[in-house]
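**Q** If you scroll down you'll find the structure; I have some questions about it.
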């Protein structure tokens with residue numbers, strides 16, 4: 001574990017790097033990003049925290065376009081966790097308006113780029129305006145066949161796994177599933193990412209080295225890349241750098 005932690009630290013970045021030459025045949029198909037550091041970015045500039053969230057929303061546009069250019073198949077973004085409800089009410093209210101604003105501005109472009117919008121998380125406890133906006137985006141883009149833009153909104157991985165196990169238990173109770181037939185694949189099929197491949201690469205900004213209850217099951221064999229760069233300062237070059245590092249690694253999935 002200590003050896004791996006050292007490797008993670010060794011792959012952290014705190015500056016923008018020149019464009020890397022990538023192997024187009026080895027682009028990760030699913031990239032997941034924990035977009036962290038908006039509040040710290042704002043604090044460093046003497047601005048309110050919501051200014052950092054507003055700036056961070058602009059970065060999403062750039063990264064989505066770069067993901068399309070790189071032919072990434074799935075981009076999962078951790079937008080709002082189940083723990084984020086503990087933040088100040090004014091900040092929570094602002095955060096939950098951002099999906100509506102983003103989709104209002106970007107939905108025409110996402111349609112033009114053949115992007116399919118998905119949401120994983122508890123929509124039923126979101127404000128009505130937020131739930132309506134994301135539901136509309138999912139409905140309008142459901143037949144698109146390009147990049148899957150998967151927002152984790154009101155999402156927590158432990159909650160996701162508990163709900164999955166409840167569904168499995170119910171199937172066992174009703175006799176539609178034998179307890180002996182419960183496998184990793186069965187559990188995976190009951191997660192919110194049931195029809196998505198697991199992430200190949202996880203990126204986390206802001207220098208924090210933890211998963212923060214994000215896709216704990218799905219990230220079991222993902223490659224991790226951490227950067228000190230705060231999310232509002234994250235650029236297409238950082239995404240390319242992360243992928244370049246990913247391409248140098250040997251994914252053994254527990255083997256030799």
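Going from the start of the chain as shown, residues are counted 1 onward.
Cβ atoms are placed via backbone N, Cα and C, with glycine included.
Sequence annotations record features per position, and here Swiss-Prot assigns region 'Disordered' to 1-22. The active site feature in Swiss-Prot is assigned to 36. What Swiss-Prot lists as Mg(2+) binding site is 36, 223, and the listing cites sequence analysis. Taken from Swiss-Prot, the feature substrate binding site covers 37-41, 49, 53, 81-83, 85, 87, 204, 210-212. Positions annotated as active site, proton acceptor by Swiss-Prot, on the basis of sequence analysis: 84.
Describe the structural context of these features.
**A** For the recorded site, residue 36 (active site), the DSSP three-state label reads coil. Residue density at residue 36 (active site): 23 other Cβ atoms are found within 10 A of its Cβ, drawing on all protein chains shown.
Cβ neighbour count for residue 53 (substrate binding site) (all protein chains, 10 Å cutoff from its Cβ): 21.
Applying an 8 A CB threshold to same-chain residues 6+ apart, the list for residue 84 (active site, proton acceptor) reads 92, 95.
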**Q** Closest of the binding-site residues to residue 36 (active site), Cα to Cα, picking from 82, 85, 204, 223?
**A** 204
**Q** In the three-state scheme derived from DSSP, which category covers residue 53 (substrate binding site)?
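**A** DSSP assigns residue 53 (substrate binding site) to helix.
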**Q** Give me the count of other Cβ atoms within 10 A of the Cβ belonging to residue 204 (substrate binding site).
**A** 25
**Q** Check the DSSP secondary structure of residue 204 (substrate binding site), expressed as helix, strand or coil.
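**A** Reduced to three states, the DSSP call for residue 204 (substrate binding site) is strand.
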